[in-house]
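Participant: Here's a structure for you.
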Amino acid sequence: MEIPGSLCKKVKLSNNAQNWGMQRATNVTYQAHHVSRNKRGQVVGTRGGFRGCTVWLTGLSGAGKTTVSMALEEYLVCHGIPCYTLDGDNIRQGLNKNLGFSPEDREENVRRIAEVAKLFADAGLVCITSFISPYTQDRNNARQIHEGASLPFFEVFVDAPLHVCEQRDVKGLYKKARAGEIKGFTGIDSEYEKPEAPELVLKTDSCDVNDCVQQVVELLQERDIVPVDASYEVKELYVPENKLHLAKTDAETLPALKINKVDMQWVQVLAEGWATPLNGFMREREYLQCLHFDCLLDGGVINLSVPIVLTATHEDKERLDGCTAFALMYEGRRVAILRNPEFFEHRKEERCARQWGTTCKNHPYIKMVMEQGDWLIGGDLQVLDRVYWNDGLDQYRLTPTELKQKFKDMNADAVFAFQLRNPVHNGHALLMQDTHKQLLERGYRRPVLLLHPLGGWTKDDDVPLMWRMKQHAAVLEEGVLNPETTVVAIFPSPMMYAGPTEVQWHCRARMVAGANFYIVGRDPAGMPHPETGKDLYEPSHGAKVLTMAPGLITLEIVPFRVAAYNKKKKRMDYYDSEHHEDFEFISGTRMRKLAREGQKPPEGFMAPKAWTVLTEYYKSLEKA
């Protein structure tokens, strides 16, 4: 908020400076730019297109202008829309620090801001201004400055009753104004002229910040400033309830393609919207973009690094090619319809070389690919019913839409996600605890952890999902992670062990579910080379790639140093090469060996109850 009256020391201006708005130079000629706005729009931001405009937030001190403006700025930047906020307090500390709060100075304050905002808008940015700007004429002048330059101007009245603004008065300025300690305070002894015909009114006494931001975004979408697809709404592929009976009847009459369990897991991924904006299994154009660029490029740069494809044999192609639709059948049940199918060659070796960086047939997922059909099928997917596995864990399989709602219900102002396919040890917990601490230090009040184990296919020697979920529950029970600020859910994707390529998929899927931050540690989505036993991928590359990956714009990557067991401190700690002798690296192989033999790990490596779950799992294998 702007601080008026005696709280702002007014600097005495020279005569020339005092009258500068009245002087007119005769030797100044406007210079036209060589770069057009359309050309500038091609290189500003990640989506292309000129979006320059000004969103002018006006309202009483304490109405919520700064809160809305900063949240709107964050939203737009995270969705690839370049923007910048000019805040009243900030500007009065620099450009306008020589202005006070007289009517004349308020007028000059607004004029300067309008001119600067016009330049920002002309550069292709969405310029958000957050000023009391109490006078109608001054705001009209700001509009005229923009209209004279053929730039859109949107006046947004941030409307909160005076008594609400006084209740929010964390700096006590209204109290001082009521006591006469501040003179000329807007709303108390200086008039605020409400906008007569603003483009938008935000009732901040009854709407939360997110609702206000969405209202402004919708306005900008209506005026073709922000593309509709920039909001990354989750695209679920379930048939709507009112069309379900007809679709099921249709499915029974269509030819069918049998699919396996991994295919069904990908059906679930698509149906729930994890692969937004895909309409179904990738068509050839999408497949090639994914394979060669790790992105979808139609409608902006959208990170999608792993092919989500359906395979078919030559016999299936001969039978189904030419059909306008066919059903997908899993375990004798028709679960989905694929419409307008497109068949194209499944070049397996090329796919594996690009996706995994190897064609080693002993790699578990590559082995599956090499055994699949020689054709790929893309098409629009309609899933008939929600996917349930009836394994006692379906309550953890929350969709992106459900997760977003849960975070909202928890009043989360930051969501940080942790992907894992292994049991949680205290090194993992250290990363999550430190992230929570960092977010609090950055000013977030309610950061929430999404502990999100992968729930699709994994290789044979990985701990099964059921046991991992029991182990995660024990970690929470022992208080290693805070149950009050942690959401445990299952991510339905199969595991591909594709290293830096796959970790981008893991990250962007959590982005769709509402995560703002993504924790990445050592060798994400990696595994030992099936033949040499060495790391298939350089362990630090996954984190490095994520920090550079295009299209992951709505969340921030949180890379961490390697955690190892500190023998002196008897706990997991960040590895320090200068004290190498103090550290011990406990590999997954050794951890499994200890658990299998019923031995205890070093003190502080894992929560005791969580370790007990692991030993019980390996004992169950011996009995089997």
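In case you wondered, yes, glycine gets a Cβ from its N, Cα and C as well.
Take a look at what Swiss-Prot says about it:
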BINDING   GLY62, ALA63, GLY64, LYS65, THR66, THR67, CYS207, CYS212  ATP 1 binding site
BINDING   ASP89, ASN90, ILE91, ARG92, PHE101, ARG106, GLU107, GLU108, ASN109, ILE132, SER133, LYS171, GLY184, PHE185  adenosine 5'-phosphosulfate binding site
BINDING   GLN419, LEU420, ARG421, ASN422, GLY521, ARG522, ASP523, PRO524, ALA525, ALA563  ATP 2 binding site
MOD_RES   MET1  N-acetylmethionine
MOD_RES   LYS12  N6-acetyllysine
REGION    1-225  region 'Adenylyl-sulfate kinase'
REGION    234-624  region 'Sulfate adenylyltransferase'
Participant: Counting other CB atoms within 10 A of each CB, which of the binding-site residues GLU107, ASP523 comes out lowest?
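Facilitator: If we count Cβ atoms within 10 Å for the binding-site residues GLU107, ASP523, the smallest count is at GLU107.
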Participant: What whole-number value in Å do you get for the largest C-alpha pair distance within GLN419, LEU420, ARG421, ASN422, GLY521, ARG522, ASP523, PRO524, ALA525, ALA563, the residues recorded as binding ATP 2?
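Facilitator: Output for ATP 2 binders GLN419, LEU420, ARG421, ASN422, GLY521, ARG522, ASP523, PRO524, ALA525, ALA563: max Cα distance 17 Å.
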Participant: Between all pairs in GLY62, ALA63, GLY64, LYS65, THR66, THR67, CYS207, CYS212 (listed as ATP 1 binders), what's the biggest Cα distance, rounded to the nearest Å?
Facilitator: 15
Participant: Counting only other Cβ atoms and using a 10 Å cut-off, which of the binding-site residues ALA63, ILE91, CYS207, CYS212, ALA525 scores lowest?
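Facilitator: Among the binding-site residues ALA63, ILE91, CYS207, CYS212, ALA525, the lowest count of other Cβ atoms within 10 Å belongs to CYS207.
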Participant: Applying a 10 Å Cβ distance cut-off over all chains shown, what neighbour count does GLY62 (ATP 1 binding site) have?
Facilitator: 24
Participant: Going by DSSP, is GLN419 (ATP 2 binding site) part of a helix, a strand, or coil?
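Facilitator: Reduced to three states, the DSSP call for GLN419 (ATP 2 binding site) is strand.
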Participant: Tally every other Cβ atom lying within 10 Å of the Cβ atom of LYS65 (ATP 1 binding site).
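Facilitator: A count of 30.
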Participant: So the record assigns ASP89, ASN90, ILE91, ARG92, PHE101, ARG106, GLU107, GLU108, ASN109, ILE132, SER133, LYS171, GLY184, PHE185 to adenosine 5'-phosphosulfate. If I measure every Cα pair among those residues, what is the longest distance in angstrom, as a whole number?
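Facilitator: Binding-site diameter by Cα atoms for adenosine 5'-phosphosulfate: 26 Å.
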Participant: On a count of neighbouring CB atoms within 10 A, which of the binding-site residues GLY64, GLY184, GLY521 is highest?
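Facilitator: Top count of Cβ atoms within 10 Å goes to GLY64.
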Participant: In whole Å, note down how far the CA of SER133 (adenosine 5'-phosphosulfate binding site) lies from the CA of CYS212 (ATP 1 binding site).
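Facilitator: Cα of CYS212 (ATP 1 binding site) to Cα of SER133 (adenosine 5'-phosphosulfate binding site) measures 20 Å after rounding.
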Participant: Could you give the Cα-Cα distance between THR66 (ATP 1 binding site) and ALA525 (ATP 2 binding site), in whole Å?
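Facilitator: The Cα atom of THR66 (ATP 1 binding site) is 41 Å away from the Cα atom of ALA525 (ATP 2 binding site).
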Participant: Would you mind reading off the Cα separation of THR67 (ATP 1 binding site) from GLY521 (ATP 2 binding site), to the nearest angstrom?
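Facilitator: Each residue's Cα considered, THR67 (ATP 1 binding site) and GLY521 (ATP 2 binding site) end up 33 Å apart.
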Participant: May I ask for the distance between ASP523 (ATP 2 binding site) and SER133 (adenosine 5'-phosphosulfate binding site), taken between their Cα atoms and rounded to an integer number of Å?
Facilitator: 53
Participant: Do you know which of the binding-site residues THR66, THR67, ASN109, SER133, GLN419 has the most other C-beta atoms within 10 angstroms of its C-beta?
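Facilitator: When each Cβ's neighbours within 10 Å are tallied, SER133 tops the list.
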Participant: Sorry to bug you, but what's the C-alpha spacing from ALA525 (ATP 2 binding site) to ILE91 (adenosine 5'-phosphosulfate binding site), rounded to the closest Å?
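Facilitator: Spelling it out, the Cα of ILE91 (adenosine 5'-phosphosulfate binding site) and the Cα of ALA525 (ATP 2 binding site) are 46 Å apart.
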Participant: Taking only the residues in the region 'Sulfate adenylyltransferase' (234-624), give me the average pLDDT of this model.
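Facilitator: Mean model confidence (pLDDT) across the region 'Sulfate adenylyltransferase' (234-624) is 94.
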